[in-house]
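Enquirer: As listed in TrEMBL for this protein:
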REGION    51-100  region 'Disordered'
COMPBIAS  81-96  compositional bias 'Low complexity'
DOMAIN    263-385  domain 'Fe2OG dioxygenase'
DOMAIN    448-842  domain 'Major facilitator superfamily (MFS) profile'
TRANSMEM  521-538  transmembrane segment
TRANSMEM  544-566  transmembrane segment
TRANSMEM  578-598  transmembrane segment
TRANSMEM  618-634  transmembrane segment
TRANSMEM  668-687  transmembrane segment
TRANSMEM  699-720  transmembrane segment
TRANSMEM  740-760  transmembrane segment
TRANSMEM  781-801  transmembrane segment
TRANSMEM  813-834  transmembrane segment
Amino acid sequence: MADEQDTDTLLALVSSLTHKGHSTEVMLDALVQAEGNPELASQILNRGHLGSEVPAGKKRKRASGLDSWLKGPNHAKPVSRHASSSSSAGPSSNPPIRKVNRGVDLMAVLKQPPPSKKPAPRKPTLILNSPQMVAEHTPCTMHLSVLPLQLASKLFYSLEQSSRDWQRNKWWLFDRLVESPHRTAFFVRKTDGVSDDETWHESAQYWYNGRKTDPPDIFSSEMEEACGIIERLVTEEIRRRPYRYPLEWAGGDVNSTNDLIWRANVAASNRYEGRNESVGWHSDHMTYLGPHCTIASLSLGTRRMFSLRETVPLHDTEIRGAQTFNIPLPHNSLVIMHASCQERFKHCVPPQSAMDVYRPTHPRIPGGPIEPFNCRINITFRFYRPDFKPPSIPLCKCGIPTVLRPDMKNQRDGQEGKYWWTCFAGAQDDGKSCGMWKVMDMEAEGRGPTVGNMQKTEASSSRELLIFPYINEFVSRLHLSEDPSQIGFYSGAIESVFALSQLVAIYPWSSLSDSIGRRPVIIVGTLGLTISTLFFGVSRSFLAAMVARALAGLFSGNVSVIPTVLCEITDPENESFIFPFFGIFWPLGMVLGPLIGGSLSDIALKFPTVFDYAVLKAYPYFLPSLVVAAINFAGMLSAYCFLQETLFVLFCYTPIQKGGLGLQTSQIGYALAISGVAAAFFQLVLMPTLLRRVDHAKCYHFTIAIWPAVFVMLPSLNIFARYMTDETNGNLDENASAMLWVGIGFVLVFAKIGFLPYTINTLLVKKYGPSTSSLGASNGLLQFFICLSRSFSPFLSSSIFVVSVENDLFMGYGWAILLSVISMGSIHFSGCIMEESKRLRS
Ligand SMILES: O=C(O)CCC(=O)C(=O)O
Ligand SMILES: [Fe+2]
């Protein structure tokens, strides 16, 4: 855990553990000697050992944020002149530091419950040399040569000049006023009602850590021009993102004459002189930016390294080590820290051991010489949200506005998790904190509108579901790939492994049931399925999920035995009722599954006061799995049916721009519940009538013939959604989404007719099978082939979908064409079956 702590936190720990006050430099030295271990550092200071050897035997205890910060990616020397802190961004977003200077109590707050097992080792630092690599590994995008060269030079020259007397940010760190190891300035934009709104000036004051400032500077004409270019670029990049986060701002544009979805109204600028000036690990405060903010950071001048490091949430520390990413940022490059970056990552500009000088492309004055520079100037363009205006920020007991920090240790991919209002220790009162700490509540505090509010208009917000609606979310939380379009491959694999192992197990179970009897086979299989479903609920790696699903598949290989039992207990009189009745179990599972599972997944986050159990926090899918396991145990065998509609779920989950419907998991759950109701209706009402009146083989043929039509209807839903998407906010309006839901309902109901053959084929086997003594084996063979196709079809269909969407085959709809063609093949075969049955009857 120490490796997640930034320098401020380590210093805070040392200070709290030492008897008398020490200067920052002294504490830093002690930390260096103790190799970053705060306890050891405090012992050194308490014994007055500074400068002597670290006690023997303790030497191995290393690994600290300080250590890596001091050494930096290039093992530069520590800068002891200035404070190590995050400076311009204020204290970093670690858990709140309460009662600074009041001893051990701080430890309890900072040291959250230790992980029960060893944390996963940290991965080696990776240099991200290209925009592709940055996008792949971080929630940032990098853009090179963003401004016209001349504008970039002009902006550099003007800021280089003015920044010579920018201030160093100052703040209190344990009885000492310390200053940042770089210069900083804060600007507001004229055009956005920020520069003339007095209330916003307060935010500039808090940029400088609470010290009174003159009114902030206004954007210069060059900054204004650069900002316009950057706003368009950021808007494009946000549109390109696979999903928007629920707490992102979605309100109207202050200046609504254009279609920008991101605007900047303030900028914070830093000047780093030489190779030693730096900014420590921190994540930017969100006080006025709000959660899930987007920050665009323009670099000018010498190339410096920008480092990012993920704060691995507590529940993942055993499976995932933190990794540091270094991005070299040349002149005129832009890094966009997208939504969730401040929640999940810390960033810094470390001191470097070496640095190139920078020569602008244009002279300062036409015809003049081109001078070399050794400073970097960066401008972070930011959007201060109207719903986080200074008057709306809660005050702490010190009487000053609090700061907003994310709970980095307990977030889930930055998608959810808490935010705290905490005392801004450091601003006043010699840095003493009042310990104020309060959870932010968007709704109660009347904040918004957010992207989440917009999405909620058509469905309620809870995050849902049993394995197959949430399988994509599950996979995305495993961080197998940062590229969301790859999710389908992994979820397809998890689903296929179930069917594949079921396939292997079917025939052995069937023959076993012919010899030892049906009952033991059903009981053992169901029990095994129950246990493996529970195992899935606690799996937190791809391998564990695969193993759990493989075991579930092996145990559910007994599915073929149930139709056999049905065949044995039915006669021609009652079969047209009993078979559909058996068929009701899976639609029932489909209706109940999403609804029960939906309210139970992530329960600890939804009802933190009632379900405050570590196990539920660590394993968000445990409770739904438990319930599913219980249902299995009750004999529903719903697991058999969970994993059928991979393609449909993937289609729903994929963003509209990428060819899907961009639905939330909750909405996918509702869609599946609708289809479950439809399936129940067909099984109980339509099927019995149909089977009594129409020849079974004919029924089989005509219900299979539904499929090509279904595969043509799905893309038309996407075309509709695409056409109706509001360009400015990426959402559908109420009418459009109502129409879309009618369409989804229609397709789902229609597709359910296509599932009737699953029941009919057992009847056909019973009617035309070779003999009653081999009924078990015949059904085994039937289930074997059903299963064979299921074992590769989820993977195949989701891969076909991903490949055709990614490569824009037939405008991205190649999957629909191919799957229609394949299903036409099956119509041909069901036609043959129909002919054959006619022949046998005549
Ligand atoms: O200089 C940089 O690129 C980063 C600056 C920064 O992190 C900040 O101003 O918050
Ligand atoms: Fe920052």
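Here the Cβ of each residue, glycine as well, is placed from N, Cα and C on the backbone.
Predicted, not measured: the structure shown is a model, and the values here were computed from it.
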Enquirer: Which one, 521-538, 699-720, 740-760, 813-834, has the most C-beta pairs under 8 Å toward the transmembrane segment (668-687)?
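Expert: Between the stretches 521-538, 699-720, 740-760, 813-834, 740-760 has the largest tally.
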Enquirer: Who are the long-range neighbours of the transmembrane segment (740-760) in its own chain, taking Cβ under 8 Å and residues 6 or more past its ends?
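Expert: Contacts with the transmembrane segment (740-760): 458, 579-580, 582-583, 648, 661, 671, 674-675, 678-679, 682-683, 687, 690-691, 696, 699-700, 703-704, 706-707, 709-710, 713-714, 716-717, 720-721, 724, 732, 786, 830.
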Enquirer: What is the average pLDDT across the domain 'Fe2OG dioxygenase' (263-385)?
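Expert: Average per-residue pLDDT within the domain 'Fe2OG dioxygenase' (263-385): 93.
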Enquirer: Counting by DSSP secondary structure, give me helix, strand and coil numbers for the domain 'Fe2OG dioxygenase' (263-385).
Expert: 7 helix, 53 strand, 63 coil
